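Asker: Checked Swiss-Prot, it gives:
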ACT_SITE  GLU188  active site, proton acceptor
BINDING   ASP51, SER52, ASP90, LYS119  3-methyl-2-oxobutanoate binding site
BINDING   ASP51, ASP90, GLU121  Mg(2+) binding site
Amino acid sequence: MSAQVATRRLTQADLAKLYQAGEKIAQFTCYDASFARLLDGAGVDSILIGDSLGNVIQGHDTTLPVTVADIAYHTAAVKRGCDRAFIVADMPFGSYQESPEQAFRNAATLMAAGAQMVKLEGGADMAPTVRFMVSRGIPVCGHIGLTPQSVHVLGGYKVQGKGEAAAQRLKDDAMALKAAGATMLLLEAIPATLAAEVTAMTGVITIGIGAGKDCSGQVMVLHDAFDIPPGKKAKFVKNFMEGASSIHDAACRAIAAVKDGSYPGPEHTYSA
């Protein structure tokens, strides 16, 4: 697929067709026009303007300082750089938790900047907010498992959903978000078997990061996948620059690995 790049921007319907056909969806985080153009040329299906920009672009220890204005700025830059990839924008900490009205207002800002969908963290507690947003024309991706905006509540960056009770809570969260109208779920740092169950039971697109190979697709943090800067990374990260002739080649290899199911491998996966 990397050799065939369409000129029309992908839509939710296009991603649904990939999902229904059993084709894995390849998503990268990206924050600027140059990398967006490179990823688009490699055939990426979706770009996430993640609040991870707080870590990899702004140099913060957490994602918490990122603002709506930050995400909107980078979303607009990404949109200008690519013609094909489906664009998802993160809702940063403090931009949606107060009320559904606050969430809609800030999501509308991100949609105006070029997002086709927004992503927010939280489970059943956020279902009323998701329902409010979807009913007013905002497509929503839920984010459950390890939710970095709740790092202080979680006590650090730890694998979630371990143990029967924790796994059931995560399943309940997934079903609540689906019922509220979320058409995509990002599953982060949970056991692969649990991610497979959630994917099967919800019937919506699931995008994994540290959640095993049975999700509908994978999201890769650009800087991690390209080893920028070199150093220790999370277990689920693969350095696609190893053996690559260029960053474009690394991007093509990463997308192909998601599509053919070779990434993530067992070495990138958490067990229950």
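Each Cβ is built from the backbone N, Cα and C atoms, and glycine gets one as well.
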Asker: Would you identify the secondary structure of ASP90 (3-methyl-2-oxobutanoate binding site) according to DSSP, in three states?
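Answerer: SS state of ASP90 (3-methyl-2-oxobutanoate binding site) = strand.
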Asker: For each of ASP51, ASP90, GLU121, GLU188, count the other CB atoms within 10 A of its CB; which of these recorded positions has the top count?
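Answerer: Output for this query is ASP90.
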Asker: For the binding-site residues listed here, SER52, LYS119, which shows the highest count of neighbouring CB atoms within 10 A?
Answerer: LYS119
Asker: Determine which residues of this chain, when ASP51, SER52, ASP90, LYS119 are set aside, have a Cβ within 8 Å of the centroid of the 3-methyl-2-oxobutanoate site's Cβ atoms, and list them as they appear in the sequence.
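Answerer: For the 3-methyl-2-oxobutanoate site the neighbour list reads THR29, LEU48, ILE49, GLY50, LEU53, THR63, VAL66, ILE71, ALA89, MET91, PRO92, HIS143.
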Asker: Cα within 10 Å of GLU121 (Mg(2+) binding site): which of the binding-site residues ASP51, SER52, ASP90 qualify?
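Answerer: Those close enough are ASP90.
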Asker: For a quick check of understanding: given the listed 3-methyl-2-oxobutanoate-binding residues ASP51, SER52, ASP90, LYS119, what is the maximum Cα-Cα distance in angstrom, as an integer?
Answerer: 13
Asker: What's the CA-CA gap between ASP90 (3-methyl-2-oxobutanoate binding site) and GLU188 (active site, proton acceptor) in angstrom, rounded?
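Answerer: Rounded to the nearest whole number, the Cα-Cα distance is 14 Å.
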Asker: Round to the nearest Å and give the CA-to-CA distance linking ASP51 (3-methyl-2-oxobutanoate binding site) with GLU188 (active site, proton acceptor).
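Answerer: Cα of ASP51 (3-methyl-2-oxobutanoate binding site) to Cα of GLU188 (active site, proton acceptor) measures 14 Å after rounding.
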Asker: Taking just the CA atoms, what is the gap between SER52 (3-methyl-2-oxobutanoate binding site) and the residue listed as 'active site, proton acceptor' in Å?
Answerer: 13
Asker: I'm trying to understand the geometry here, so how far is the Cα atom of the residue listed as 'active site, proton acceptor' from the Cα atom of LYS119 (3-methyl-2-oxobutanoate binding site), in Å to the nearest whole number?
Answerer: 13
